[in-house]
Each structure stands twice: as structure tokens, then as C-alpha cells.
Amino acid sequence: MSYLLDPSRKTITIPKLQAMRDAGEKIAMLTAYDSSFAALLDYCGVEMILVGDSLGNVMQGQQTTLPVTLEQMAYHTECAARGNQTSLLLTDLPFGTYPTPEAAFASAVTLMKAGAQMVKLEGGDWLAPIVKFLVERSIPVCAHIGLTPQSVHALGGFKVQGKTNAGAAQLKRDALALQAAGAQVVLMEAVPAALAGEITQSLTVPTIGIGAGADCSGQVLVLQDMLNVYPGRKAKFVRNFMDGQTSIEAAVRAYVAAVKDGSFPAAEHTFSA
């Protein structure tokens, strides 16, 4: 399944993302776990498609991402890759699959062969040697800092990170260390907006935020969250883009437009220290 794309739509590459960041053009990212939604996101102009281990929550009904396996991530990556034509497709390395540089490389190769163009790893400055090992072996990396869902039990729940002076200083060290190790993108989750802005200014690579304020180079949401698939309580950083729309395509286009013009995230979607 594929859409007839606008001829002006160019393939999104890592240099293109860097150029967007340097020019101040916002980057839109959403999750997709299958061919049909990947094709739709690509058609709607989403620059980055994340095959996230969030599939454990939204596809499998798990309470955390921890049960998701590498084989499951590879399967969903294959599905999404078949629908994608021009967006940059990145995939999460699931919990427990990157304890050492060698193990991380083997896991990343599995995902790259399945169609990923970049892998995402969760962790702080301790992750730098693993990132360096991957990048030196032609595996592009997005480093995920702040609230790292794979560490939910160690963190004591899904809590905002970097609210104390010590926590903020550590996140700054994490970001710089991971960039120095070769990470081409840094994703920040549930980080006070002012801190995320400072980190973005301190880096030269693009930053992607989810609950990290409007000053990041781009934004990401879980597709099912922004489509309001789930009733009830939602994370503070989620906005219902189906509100007022008559189709999923229209909702996705509204999200892309809101990211591009800076109206999302608004103040109500962000955290303070």
C-alpha cells in the first residue's frame, strides 16, 4: 500500500534533519507500527516515523514497554517500512537488548535489516560508549533522555525528570555526552520546558521533544494518543488532534501544521521545574 506523494516531497535523511534544525524549521514525528499508518504519515508530511516500543502499550495492551521483544520490533519495523516512501524511519531498541556495545550492535543490525534507518536507545551518559560503538559501525542513533519508559520501575513511575538542580545538571551532561558519542538526534521526554530549551541551545544536533516544551527542534507523539483513541486520563503533553476533524488524515495534517507553526506544544502541554 502506498500513496501518490507530492513530487516536491524529498526523502528525509539525517543531513536533511540537520539542515532543518539549522534553519529553524520544526520537525514532525509520529509513531506507526504498520504499513497503512506509515504510508499515511509519510503522505501527510511527517518527517520522522517512530516504530516505538510503545507498541507494547497501544498494540498489545501492556502496562509498560518492558515485555516487548526484539523480534516484535523487527516485525513491526518490516510492516512500517513497506508503507513508508520518504520519511526517516527509526525504531526503538527494546528493553534488555543493548547491555553491551556488542549486544547493541547485534540488536541494531536486526532492526536495520528489517527496514529501520536509525535506532533509538534510552539512557544517560553511561550510554555513550554504546552509542559510539554503533555510530562507528554505520548505525545512526537517536538518544532518548529524560523520562525513559524502559526505566519506569527504577524511576518510581512515569515522572517528570530534571526538576531539581542536580537532575537538570545530569540531563545536560547526558545530552552533551551522547552528542559527543555521535548521536545524530536527541529525544527528550517529560523534561521542564526551560531546561529542554537550554539543552537544545547547547547542542548542535536536532532535539525532539515529547512533553519537553516548544523550543525543541521537533515534536513527537504516539499516534493513538493524538488521535484520542483512548478515553479517560491522558498525559499532560498529549493534545487531541481529532477534535474538530473529520478524518485521521486531517488530524495528522493538523498535527504537522501545529508543530511547524509552533502552536503545539502550548503551555498546557509542558512542564515547569
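Every residue gets a Cβ built from N, Cα and C, even glycine.
Bear in mind that the values here come from a model prediction, so they are computed numbers and not experimental data.
For the 3-methyl-2-oxobutanoate site that Swiss-Prot gives as Asp53, Ser54, Asp92, the extra residue drawn from Lys16, Lys26, Lys120 is Lys120. Lys120 (3-methyl-2-oxobutanoate binding site) sits 13 Å from Glu189 (active site, proton acceptor), counting Cα to Cα. The Mg(2+) site is defined by Asp53, Asp92, Glu122, and by the 8 Å test on Cβ atoms against their centroid, the other residues of the chain that qualify are Gly52, Ser54, Thr65, Val68, Leu93, Pro94, Phe95, Lys120, Leu121, His144, Pro149, Gln150.
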